[in-house]
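Feature annotations, courtesy of Swiss-Prot:
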- 8, 9, 10, 11, 12, 13, 14, 15: ATP binding site (BINDING)
- 56, 57, 58, 59: GTP binding site (BINDING)
């Protein structure tokens, strides 16, 4: 049976995630007390082959060690194919979402301000965040974008296979929080300053032809490829479900896009399960 544990800070998109997983055929349980997870698995494994469970900050064990031990037990005992998704967003975004929805934060009963509750929740959920197979930052995602991203991650994954995600981005918009590795391409030649190349992206032939003619660019790609190829077997043996590689340039339109596309193509040729995302291009904004 496949099991996905959904967690994250309140307001970050857990409810949307659970709704998408239900549409994908998962039997979903919202806000399950963590200590009931082993019993739930036993009770439903003969009826369902896909289970998704949402864990809320209100239903955590008192001890963080107990939480880590319980999840490790479920992950390692072999009854389920275990994956965990952690959803998050910037504090300012969470504050804005709560202001718009006028909902109470789950920790508001502790007589904390909203800002204090959000920060306290961060500490309480740290064990789930640090051990998640996939972290998704929803700060700049619409509900539709988040739904499509979850579908891509879930449907694009084969059983017990590591998914390698290449993600281009612009440093001017911030580093993606879901990245396991981040590479900075801002020192490389920038097509933005070449008038005839500026309107294009790293997916277009004129930019690709220019960047592929730059020795530093190609050496940078080769060295990233060699590093990942060296360590991916170790990550696979460690039962990782996802590895997200962030490639950043100034605005996320030219260099980072080209490099992410080149790396994705190289690892597809090696038979890896590869997904690609261009954060700036996906917003459809003309940044460089």
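Heads up, the Cβ atoms here are built off N, Cα and C, so glycines get one too.
Overlay of Swiss-Prot feature records on the structure.
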residue	record	CB count, 10 Å
8	ATP binding site	26
10	ATP binding site	23
11	ATP binding site	25
12	ATP binding site	25
13	ATP binding site	25
14	ATP binding site	22
15	ATP binding site	15
56	GTP binding site	19
57	GTP binding site	20
58	GTP binding site	13
C-alpha spacing of residue 15 (ATP binding site) relative to residue 58 (GTP binding site), in angstrom: 15
Check: same-chain CB within 8 A of GTP site center, minus 56, 57, 58, 59: 31, 55, 60, 106
Among 9, 59, the most crowded of the binding-site residues [Cβ within 10 Å]: 9
Integer Å distance between the CA atoms belonging to residue 56 (GTP binding site) and residue 15 (ATP binding site): 11
Subset of binding-site residues (56, 57, 59) lying within 10 A of residue 8 (ATP binding site), CA to CA, in sequence order: 56, 57
ATP site, defined by 8, 9, 10, 11, 12, 13, 14, 15: further same-chain residues with Cβ within 8 Å of the Cβ centre: 87, 88, 89, 138
Length of the line joining the Cα atoms of residue 11 (ATP binding site) and residue 56 (GTP binding site), in Å: 11
Integer Cα-Cα distance in angstrom, residue 57 (GTP binding site) to residue 14 (ATP binding site): 12
Alpha-carbon distance [residue 56 (GTP binding site); residue 12 (ATP binding site)] in Å: 12
Rounded distance in angstrom between the Cα atoms of residue 13 (ATP binding site) and residue 56 (GTP binding site): 12
